[in-house]
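Listed in TrEMBL:
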ACT_SITE  CYS70  active site, proton donor/acceptor
ACT_SITE  CYS180  active site, proton donor/acceptor
BINDING   ASP7, SER8, TYR39, GLY40, ASN71, THR72, THR181, HIS182  substrate binding site
COILED    203-230  coiled coil
Amino acid sequence: MSIGVFDSGIGGLTVLKEIRKVLPNEKIYYFGDTARVPYGEKTKELIIRYSKEIVEFLLEKDVSAIVVACNTATALALKELKEIFKIPIIGVIEAGARTAINTTKNGKIGVIGTKATINSEKYTEEIKLFNAEAEVFQKACPLFVPAVEEGILNGKLVNQIIKTYLDDFNEKIDTLILGCTHYPLLKEAISKIYPNIKIVDPAKETALDLKEILKENKFLKNDAQKNEEVKYYVTDGKEKFKEIGIMFLEENIPTVELIKL
Ligand code: DGL
């Protein structure tokens, strides 16, 4: 049994990192669509088409479950993927919404993500399903992705960007969802500026949900088995993926295969 994990590129490695902590013995295929990243600025039609192509590729690897390790693809394509494909497919948004509801004390939750994720209103929808009374404050933070990819994770420049986006959230919200795979790398910088806001990274809870799904479906491997390696596929820039990937995964990426979809 193996698991497929995909993202628009490199960001999904923050989700993979959490999955590896919970499920170190499962064989994982990670797909990063580096040739077509970013998804955050693309239309729903395109994101659905790209996501379908990736799921079809992963199915050829015989995966028994798939994680959409990308907030944008979860927001825009998860529903459609679940309708088309028969295997369990989970995204990151439900887990993020649930964790935020369990974390907030004042019912005021902030959500940050790409433009496509924020415009989809998917987080608001999911949060309201858990608690219709919750108040959601959303903001797209498009400058975060390039800052992270440049390794600018702390210091004056990134603090200025964080403040520009988030200052009007302060005093309102007590919980903030990092609704984009890149943002966990800015968690420290954000908490330093807003120490009273609790920060939710949906990846942790998603990994636990995945474990439950594998258990329910009897897909889980014997836990006594040794650490399995991950197979990586990208659609462009193998070397850049390896180089920046370490920052996201905090683990070496030995080999990456280039794929044409
Ligand atoms: N992985 C995307 C997300 O979580 C961010 C990068 C992109 O725009 O493709 O929304």
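Indices start at 1 and increase along the chain as displayed.
Note that Cβ sites are derived from N, Cα and C of the backbone, with glycine treated the same way.
Note: TrEMBL annotation is automatic and uncurated.
For the recorded site, ASP7 (substrate binding site), the DSSP three-state label reads strand.
Note: the substrate site is recorded as ASP7, SER8, TYR39, GLY40, ASN71, THR72, THR181, HIS182; in the same chain, GLY9, GLY11, GLY12, VAL37, PRO38, CYS70, ALA73, THR114, THR117, VAL145, CYS180 also have Cβ atoms within 8 Å of that site's Cβ centroid. DSSP gives CYS70 (active site, proton donor/acceptor) a coil state; it is part of no helix or strand. The 10 Å shell around the Cβ of CYS180 (active site, proton donor/acceptor) contains 29 further Cβ atoms across the protein chains shown. Spacing of ASN71 (substrate binding site) relative to CYS180 (active site, proton donor/acceptor) is 5 Å (Cα to Cα, whole number). Long-range neighbours of SER8 (substrate binding site) (same chain, six or more residues apart, CB within less than 8 Å of its CB): GLY32, ASP33, ARG36, VAL37, PRO38, TYR39, GLY40, TYR50, CYS70, THR72, ALA73. Here the coiled coil (203-230) returns a mean pLDDT of 85 for the predicted model. ASP7 (substrate binding site) and CYS180 (active site, proton donor/acceptor) are 11 Å apart (CA-CA, integer value). Across the residues annotated as binding substrate (ASP7, SER8, TYR39, GLY40, ASN71, THR72, THR181, HIS182), the two Cα atoms farthest apart lie 13 Å from each other.
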